[in-house]
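Trainee: From Swiss-Prot, here are the annotated features:
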| type | residues | note |
| --- | --- | --- |
| SIGNAL | 1-22 | signal peptide |
| BINDING | His79, His81, His104, His160 | Cu cation binding site |
| DISULFID | Cys86-Cys182 | disulfide bond |
| BINDING | His104, His113, His122, Asp125 | Zn(2+) binding site |
Amino acid sequence: MNMKTLLALAVSAVCSVSVAQAHEHNTIPKGASIEVKVQQLDPVNGNKDVGTVTITESNYGLVFTPDLQGLSEGLHGFHIHENPSCEPKEKEGKLTAGLGAGGHWDPKGAKQHGYPWQDDAHLGDLPALTVLHDGTATNPVLAPRLKHLDDVRGHSIMIHTGGDNHSDHPAPLGGGGPRMACGVIK
């Protein structure tokens with residue numbers, strides 16, 4: 001084997017290892033996951049399946065990966081709620097969609113809405129969910145304070161009709177408005 005061939009093989013081997021290591025560091029390692037069935041809420045005509053959200057453990061926190069369709073375009077408030085229910089309940093004499101889920105999950109008693117990485121906010125505050133013009137949502141969001149699937153089992157995920165400013169001002173709970181879609185995390 002001549003010197004040029006040997007040098008070319010050595011360079012090729014080094015490049016292959018470098019590319020493999022770079023690929024390894026730029027991906028989120030996959031861990032255990034839960035698939036949550038999500039339904040659009042309709043207390044009068046019954047809920048309708050709109051897809052799933054897969055919750056996966058990663059080195060950076062829990063990753064919520066939606067595979068949803070049939071939703072209204074735009075940013076939507078996306079949260080973990082305290083109860084494992086998507087049932088309607090009565091509020092002020094009116095049947096309200098998804099009220100059985102309770103409020104935003106707040107096991108540490110923060111009593112305020114905020115960013116997903118903010119220590120003094122509800123633990124159930126997630127990044128807003130983006131729904132494209134065709135009604136689909138597939139972009140994952142990261143919840144860095146949530147580390148294990150057992151942290152969220154026995155609760156529900158909720159998608160609100162409006163966006164989320166991650167604050168209680170000017171409207172409480174990010175201003176997301178009514179509950180639009182929900183899934184129980186089992």
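From the backbone N, Cα and C atoms, a Cβ is placed for every residue, glycine too.
Are these features on the surface or tucked inside, and what are their neighbours?
Mentor: His104 (Cu cation binding site) falls within a strand when secondary structure is assigned with DSSP. All protein chains considered, the CB of His104 (Cu cation binding site) has 24 other CB atoms within 10 Å.
Its Cβ taken as reference, Cys86 (disulfide bond) is surrounded by 24 other Cβ atoms within 10 Å in the chains shown.
His122 (Zn(2+) binding site) is surrounded by 26 other CB atoms, counting those within 10 A of its CB over all protein chains shown.
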Trainee: Cα distance, Asp125 (Zn(2+) binding site) to His81 (Cu cation binding site), nearest Å?
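Mentor: Taking the Cα atoms only, His81 (Cu cation binding site) lies 9 Å from Asp125 (Zn(2+) binding site).
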Trainee: For Asp125 (Zn(2+) binding site), which of these recorded positions sit within 10 Å, Cα to Cα: His79, Cys86, His160, Cys182?
Mentor: His79
Trainee: Can you tell which of His79, His81, His113, His160 has the least company, meaning the fewest other C-beta atoms within 10 angstroms of its C-beta, among these binding-site residues?
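Mentor: Comparing Cβ neighbour counts within 10 Å for the binding-site residues His79, His81, His113, His160 gives His160.
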